[in-house]
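Worksheet: one structure, shown below.
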Amino acid sequence: MALSELEKKRQENIRRNQELLKKLDLDSISDSIKKEVDNKSFSSPSSQKRRKTTKKPVIKKEISEPSRRSRRIAGIKSELEDPKQAARIREEEELKQHRKQELERLKRTRLFGDFKLIDLITNKKGDMIFEKNVMDRKLSHIGLDSKVEEKKNEEDKEDEEEAINIDENNRVLQLVQSLGDKFSAGDFYEEIRNSQTNGNSKDKSLDAKRKEFDNLNIYPRFDPLDIKICHNRITSMFFHPSTTNRIVVGGDTTGNVGIWLVDEQNNDTKEEEEDDDDDEPSISILQLHGRNVSKIMTPTFSPEKIYTSSYDGSIRVLDLNKLTSTELLYLNEPGAREDIALGVSDINQCQDSSVIFMTTLDGEFYQHDTRTPFNTRQRHHLATKDLLRLHDKKIGGFAVNPNTNYQIATASLDRTLRIWDLRNVNKSVYSEFENQKSPHMYGNYNSRLSVSCVDWNQENRLVCNGYDDNICLFDYSGGSKLDNELPVITEWKSDFVPSTKSSEESELLPNNLTPFTKIKHNCQTGRWVSILKSHWQTNPADGVQKFIIANMNRGLDIYNQDGQILAHLNEQVGAVPAVCTLHPSQNWAVGGSASGKVYLFE
């Protein structure tokens, strides 16, 4: 029978493969491998190399007490034999556990009264070095026994390190005090004058400004990983207006406030200055609050003072001259216990330098005259009439019109941005809460998701951003961005309402604020990164109105007031500098990350 063509090809492939295997000589290789394996497996024990072992010195351990002991041997009677003793032991254990829980709770509360800054210094672990002094003050304030055991270090080496840490922080605070003496209101004459007038200077060429920002570089003196200004995730950042002795201040989620003297050297002697390896940033971290630090600012006419606000309901004043921390104000729920705080979400100063505005986590507004003394021994209960209802949910941030002292804009978790007139206060119309008062609302902007922040510049432009991944710019300078023919916002009457679209007139809450441009921007920070917030430069020396916002791709973006990008700074940025700000007058930028580290561009 003749073979088919397919069978012939198969036979030819078999023959070709056999010839190829013969050429490779695989049989001889397998035989050699087998012989080597057999020789190794049957080799004599003497031919194998023995492993050298080094005898470890025998350490005689001292006989320690057993971890578990019989209650009978210890002389402790059972509950059945002596129920009174058992009840007493149980009561002592419960009391000890309750006291421990109370101390942990007190650590998260605000500070009571005034302190020297050296008492609030923290170590590298974030614990207060003089925690006993602070906790005793808190315990005595609430009427408990003020006996807190001091933490004892297990090794003398740790004691020495603590002493070195105290000396170093004390030296840095002395530097802060020396810098505070150099500040005066006259040093910031131009900023003060410009903050009270509405500048109308034209912007420079866009290309020229971009080239200027191209020259900004990361601060070269230290590695950004070595500039740790806070122990935990940064929630607020402040650049002091000084241009000669620069100070950067940051606050974190646990109430720590870090002060970085940018231009100061950490070494005193010439020998130490010559050794670059020993040079470290001049940073002191203070425990000023018990919860998130929401805002840090400096009064216009008192550059030696720094105001800090927190979710623990307190506002404190840090004096760089006296090296003290004083409680300016504490807010608590109207009619509630003193320890139920009304968290402060933001603070701002108006044209009247003695009055500060603040908003709360519950959507309320409050103003306080700093000339009114705050008595820590008396409970500062707010009446409902003292608070103005602006939103029914958290106010993430607000801004005051720098050209007036009665117009404010608020951004809220309820997905709205609103502009208010504080001159006209009546019964609240748009709140679901009963018996509330609110100022007159000019208008409202509805967003798809929550609005994180809003800021107001000298030329009556507003910027806001939120979780809808948009940066919105509003123009109320009387221009023709939207051809709405609105007068400049400073001329609006106390009952003025911008016109609404016909399709929206039936809605109770108007939607009559319209941005003239929207910029796409990723604001999805997630759980471990602070919320992105855009901020205007308050008094730009170059006359160009600009704002800064962090970029989720580990950088900083700077735009002008028309929405044109001026810079994208990302040199050596290893994390998202979510909380950022510009120097009030100079084109220096700083941003803080979730690990407490700072990136400075100059």
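Every residue, even glycine, has its Cβ placed from backbone N, Cα and C.
What Swiss-Prot lists as compositional bias 'Basic residues' is 48-58.
If you look up Swiss-Prot, you'll see 59-68 marked as compositional bias 'Basic and acidic residues'.
According to Swiss-Prot, the region 'Disordered' annotation covers 35-85.
According to Swiss-Prot, the repeat 'WD 1' annotation covers 229-270, on the basis of sequence analysis. Model confidence over the repeat 'WD 1' (229-270) is summarised by a mean pLDDT of 88.
Residues or ranges marked as repeat 'WD 2' in Swiss-Prot: 291-328.
Same-chain residues lying 6+ beyond the ends of the repeat 'WD 3' (390-430) with a Cβ under 8 Å from its Cβ atoms: 195, 198, 345-346, 348-352, 355, 357, 359-365, 436-458, 460, 462, 464, 466, 472, 489-490, 492, 494-496, 508-509, 513, 531, 533, 538. The repeat 'WD 3' annotation in Swiss-Prot covers 390-430.
Here Swiss-Prot flags 446-484 as repeat 'WD 4'. Broken down with DSSP, the repeat 'WD 4' (446-484) shows 0 helix, 19 strand, 20 coil.
The feature repeat 'WD 5' is assigned by Swiss-Prot to 526-569.
Residues 190-191, 212-213, 216-219, 224-225, 227-239, 241, 243, 246, 248, 250, 252, 258, 260, 262, 525, 528-533, 535, 537-542, 546-552, 554-556, 558 of the same chain, all 6+ positions outside the repeat 'WD 6' (571-602), place their C-beta atoms under 8 angstroms from a C-beta of that stretch. If you look up Swiss-Prot, you'll see 571-602 marked as repeat 'WD 6'.
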